[in-house]
Amino acid sequence: MGLLTILKKMKQKEREMRLLMLGLDNAGKTTILKKFNGEDVSTISPTLGFNIKTLEHRGFKLNIWDVGGQKSLRSYWRNYFESTDGLVWVVDSADRLRLDDCRRELGALLLEERLAGATLLVFANKQDLPGALSKEAIREALALDDIKSHHWCVIGCSAVTGENLLAGVDWLLDDIAARIFTAD
Amino acid sequence: IRINDFLRGESGGSTVQERLQRRNQARLEDAERRKEAKQSRSVAEERTEYFFSTFNSERASIEEVLSGCSGADRAAVTQKLEEATVKTAELQKFLNDNMFVLNQYQLKTSQAALQKLQASIAETREEALPKKKFAFRARTKAADKAPVQVTATPPPADSGSDRADGPPASEQCGFSNVNNELLTKTAEEIQNRDVLLTHLTNCKVRLFGSPSTLHLKHIDGCEILCGPVATSVFVDRCRNSVLAFPCQQLRTHNTTDTRVYLHVTSRAIIEDCSGVSFAPFSWSYSGIEEDFTVSGLDRDRNNWSQVDDFNWLAAGLPSPNWTVIPEEDRKNTWDP
Ligand SMILES: Nc1nc2c(ncn2[C@@H]2O[C@H](COP(=O)(O)OP(=O)(O)O)[C@@H](O)[C@H]2O)c(=O)[nH]1
Ligand SMILES: [Mg+2]
């Protein structure tokens with residue numbers, strides 16, 4: 001396939017990407033989504049079910065699915081796996097008491113066949129809190145270095161101040177775009 | 001022949017006149033495009049410029065208010081400090097709302113400037129109003145002794161999963177493993193911080209001030225009152241207790257027989273709970289107005305009675321796991 005064909009293909013279909021945002025409840029998923037979209041984050045309620053947002057960024061059309069993280073909802077996560085290009089795993093970096101739970105859920109997720117091709121971005125969120133663990137500590141606590149099955153990257157951010165949200169999403173898009181390119 | 005070719009054009013048929021006209025047209029369009037690009041660039045630049053001029057002048061005016069504190073009398077200092085606190089909270093909101101016109105570096109430096117302001121407010125308060133702080137300190141000191149006593153008690157059953165915590169002591173703000181104590185924290189200690197209370201039994205806890213977030217875990221027979229929490233309160237494994245706080249969200253898990261006096265600006269949820277009941281927040285203390293401002297919570301919006309039960313998604317039927325506390329049973333006066 002020639003370069004032009006690939007570019008043209010990128011334009012039409014692959015310029016649309018499907019991102020799935022998961023993590024324990026209270027991690028800040030909905031806040032990240034709304035902040036990224038420039039919406040008011042002070043009125044966000046705990047997510048019952050899911051939110052979908054379609055936004056344009058750097059010429060890409062992003063369909064972002066934000067799915068509730070409550071225990072009773074986690075078994076529904078798999079309903080959203082199909083054709084996921086990027087997985088955004090959001091962590092409350094100040095919630096030390098649930099890090100084990102967080103590592104287990106992420107580990108189980110990465111075994112899912114339908115997520116096999118997806119790029120993983122870990123957002124170590126709530127870095128504005130004085131008690132937040134650094135992104136290095138999160139990397140260790142979640143044993144990210146053991147992940148060989150997916151491209152991954154961990155980025156410290158704050159959904160409240162907006163710090164590093166763009167940097168994270170940009171990395172994710174670059175990785176996915178590069179993958180689509182080389183696949184043909 | 002060549003000249004002829006040139007005059008006739010490669011496409012054949014078009015005259016020099018036409019070609020020149022086309023080129024001119026293209027040039028004009030190009031100039032228009034460049035102008036538009038420049039305009040949109042300058043709109044972005046203008047927004048950034050507007051942000052910084054507003055941000056910097058606001059910052060200067062807060063610094064001026066603070067510098068006016070030295071030598072002023074107590075009442076004046078109190079009033080000035082409140083003004084500075086309110087303005088700083090507004091400035092934080094202004095920054096949050098404008099983050100999209102800033103690059104990462106600009107965002108970082110602005111955030112650092114705000115933190116500096118908050119630090120100098122705390123410093124000024126400490127210098128100018130030492131007495132008030134002293135009074136609070138004395139109470140806190142007494143409470144701080146509590147954990148020492150308790151080190152002898154056996155570790156809680158599931159400490160295995162809690163062990164990974166190992167937070168650097170200086171960053172951890174809160175109380176753990178205490179029985180039968182009155183525990184307090186002052187605004188200076190908890191402002192904008194993440195506060196954690198774990199393994200408390202039969203304690204009375206008073207948190208004066210506005211933390212960023214509050215976590216409660218393994219709470220039994222306690223009465224916990226807290227000032228306005230800027231983001232969420234997360235409650236897990238709490239029983240036979242009374243809680244009161246304003247917050248943006250409340251998430252309650254594995255909790256039984258607990259009363260919550262709540263001001264919540266978005267929503268409260270329960271999951272795996274039973275016997276939880278709710279009433280409007282009714283605690284008050286001197287300085288709570290200022291703390292509400294710091295938290296950014298809307299005082300006029302309280303959804304305390306709209307509780308979502310994640311284990312009870314049957315439409316139309318009320319959840320059996322929570323109730324509203326009847327008015328005649330609500331607590332209106334609180335011990336200090
Ligand atoms: N301090 C702080 N609080 C945050 C941050 N991101 C989210 N929150 C708060 O955390 C709570 C849960 O956020 P939400 O987006 O509803 O979490 P979700 O369950 O993952 O969708 C809310 O009260 C947010 O305001 C952050 O970066 N810093
Ligand atoms: Mg959510």
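A Cβ is built for glycine as well, from the same backbone N, Cα and C atoms used for every other residue.
Unlike curated records, TrEMBL annotations are generated automatically.
These features come from TrEMBL:
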{"type": "BINDING", "residues": "A:Gly23, A:Leu24, A:Asp25, A:Asn26, A:Ala27, A:Gly28, A:Lys29, A:Thr30, A:Gly69, A:Asn125, A:Lys126, A:Gln127, A:Asp128", "note": "GTP binding site"}
{"type": "BINDING", "residues": "A:Thr30, A:Thr47", "note": "Mg(2+) binding site"}
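Features recorded in TrEMBL, as mapped to the structure shown.
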residue  : record              : Cβ within 10 Å
A:Gly23  : GTP binding site    : 24
A:Asp25  : GTP binding site    : 24
A:Ala27  : GTP binding site    : 24
A:Lys29  : GTP binding site    : 29
A:Thr30  : Mg(2+) binding site : 25
A:Thr47  : Mg(2+) binding site : 20
A:Gly69  : GTP binding site    : 23
A:Lys126 : GTP binding site    : 28
A:Asp128 : GTP binding site    : 20
Intermolecular Cβ proximity, binding-site residues A:Gly23, A:Asp25, A:Ala27, A:Lys29 versus chain B, under 8 Å: A:Asp25
Distance-selected binding-site residues near ligand 2 (C-beta under 6 Å), from A:Gly23, A:Lys29, A:Thr30, A:Thr47, A:Asp128: A:Lys29, A:Thr30, A:Thr47
Largest inter-residue Cα distance among A:Gly23, A:Leu24, A:Asp25, A:Asn26, A:Ala27, A:Gly28, A:Lys29, A:Thr30, A:Gly69, A:Asn125, A:Lys126, A:Gln127, A:Asp128 [record-listed GTP binders, Å]: 22
Between A:Thr30 (Mg(2+) binding site) and A:Gly69 (GTP binding site): CA-CA distance (Å): 10
Residue among binding-site residues A:Gly23, A:Ala27, A:Lys29, A:Lys126, A:Asp128 with Cα closest to the Cα of A:Thr47 (Mg(2+) binding site): A:Lys29
Euclidean distance between Cα atoms of A:Gly23 (GTP binding site) and A:Thr30 (Mg(2+) binding site), Å: 11
